[in-house]
Amino acid sequence: MKDDDFKVSASESPQEQEREESTASDVFPEHTYVERDSISKQEREVANECTAADSPIQPRSDFPDGGTRAWLTVLGVSCGACATFGFVNAWGVFQAYYEATILHNSTPSNIAWIGSIQYALIFFPAPIFGRLFDMGIFKTTIISASALLVLATFLTAQCTEYWQFVLCQGITVGLACGAIFGPAMSSIPHWFKHRLGVALGLVAVGSSIGGCVFPIAVQNLLQRVGFKWTMRTLGFIQLFLLGVLVLTATRRLPPKHYSGPFLNLHAFKSPAYTSYTISSFFTFLGLYTCLTYIDVSAEAAGISHNFSFYLLSIANAASAVGRVGGGILSDRVGALNIMIPSTFVAGILTYAWPFAANKGGFVAIAIIYGISSGVYVSLLTAPIVRMGETQDVGNRMGMTLSVMALGALAGPPISGAVNGATGNFKAVGYYAGSTVIAGVALMIVTRYFVIRSIWGRC
């Protein structure tokens, strides 16, 4: 049989070709179905490509986990953390100074409200700024807030009355810091996933540096140039740091378009998210008590002021070790697996702090407490990032931080009231340490909700 017998002649009519194709379909029906399915598949692919071309750009599912823009964002956010959280972490030296000089007629508990308002307003407005960040409004927010923070610091230099300090250093500084800190921190998960812990740890080093440098700078500047120029100098330092933040920090993913209510409360349907949010409230009720009163309690124990004010700087410097180390370990074993034991240690140290009686004891507590609390603070947002999609991280983070703010607001004044009622810091340690341990217990509950097991990465 010749091969030409199988060829279709060019002279055949279309009707004859159609009859032959029909015959072939009857003989090999499955062949026809495969061809039709293949054609349909190709048509669907073309249609999908056309639809995708007409749709908004979709975010990439992968994360850079490095690169120039990613690390520049880390640098900028670290500078922002230094100018905001680092400045607020230096409140202890202002507490001691105000008690002895400008606000000596006010009670320690009343003065502590200024610092508490700062802490609270860093976190409390976070749902608003987190939502704006998710919507793509980033640079406008941090530029406006940076200008407000520098202005508030300059205005604090002119304050002489208690209500003026509450308005300028409490409300305005706190609100500006919150408008910067929340959106800036939300930009980090846009760039990092597998190395998120390291990135957050490096960012948190900025607040440690600020908490270490600002108290020493304040103490030395007060003696040399007085209170007014001390605050003005701090304002210029903030201006430089915030300038770096504005120039380097960027977001990567496209904005999320909201059509529902301003707050997405559906996140609280997750038992893990809810228990973690409540745990942050209890932890912050007591976490900053030690940092707020360690220098004051040291002076009450007979240690000179020239030494005691360094305790806050020592604790903040030590926290840098915990923040970086905790970030590295969390990428390997999980954030909660590191946060739970370290926060437990911070709670135990809060119990022990009032019993220190000499320089060695206070220094040891400052170092260990600084390391352990630094781990918690640096990884605070890491579990939240894992509890939903990245494009909604600003909203989830904002709601948790706002609940946390209530603890940060009430904690130090309650500690001051306990101290005023009892006349010693031991009862303060019992109260603050117990709230931190309660937060640890709720973190353990969160871990169970996440992995439903005793062992495992979380």
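Note: Cβ is positioned from N, Cα and C throughout, glycine not excepted.
Nobody curates TrEMBL annotations by hand; they come from automatic prediction.
Values in this document were obtained by computation on a predicted structure and should not be read as measured data.
Record features (TrEMBL):
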type	residues	note
REGION	1-59	region 'Disordered'
COMPBIAS	16-47	compositional bias 'Basic and acidic residues'
TRANSMEM	70-91	transmembrane segment
TRANSMEM	111-130	transmembrane segment
TRANSMEM	137-156	transmembrane segment
TRANSMEM	162-184	transmembrane segment
TRANSMEM	196-217	transmembrane segment
TRANSMEM	229-250	transmembrane segment
TRANSMEM	271-294	transmembrane segment
DOMAIN	272-458	domain 'Major facilitator superfamily (MFS) profile'
TRANSMEM	300-321	transmembrane segment
TRANSMEM	333-356	transmembrane segment
TRANSMEM	362-385	transmembrane segment
TRANSMEM	397-418	transmembrane segment
TRANSMEM	430-450	transmembrane segment
*asked:* So, taking each listed stretch (333-356, 362-385, 397-418) in turn and counting its Cβ pairs to the transmembrane segment (111-130) that are under 8 angstroms, which one gives the highest count?
replied: 397-418
*If you count Cβ pairs under 8 Å, which stretch among 196-217, 333-356, 397-418 touches the transmembrane segment (430-450) the most?*
333-356
*Take the transmembrane segment (271-294) and find every residue of the same chain, 6 or more past its ends, with a Cβ under 8 Å from one of its Cβ atoms.*
89, 91-92, 95, 112, 115, 119, 311-312, 315-316, 343, 346-347, 349-350, 353, 362, 365-366, 369, 373, 376, 380, 383-384, 387-388, 396, 399-401, 403-408, 410-412, 414-416, 419, 425, 428-429, 431-436, 438-443, 445-446, 449-450
*For the transmembrane segment (196-217), name the stretch out of 70-91, 229-250, 333-356, 397-418 with the most CB-CB pairs under 8 Å.*
70-91
_Average pLDDT across the domain 'Major facilitator superfamily (MFS) profile' (272-458), rounded to a whole number_ = 88
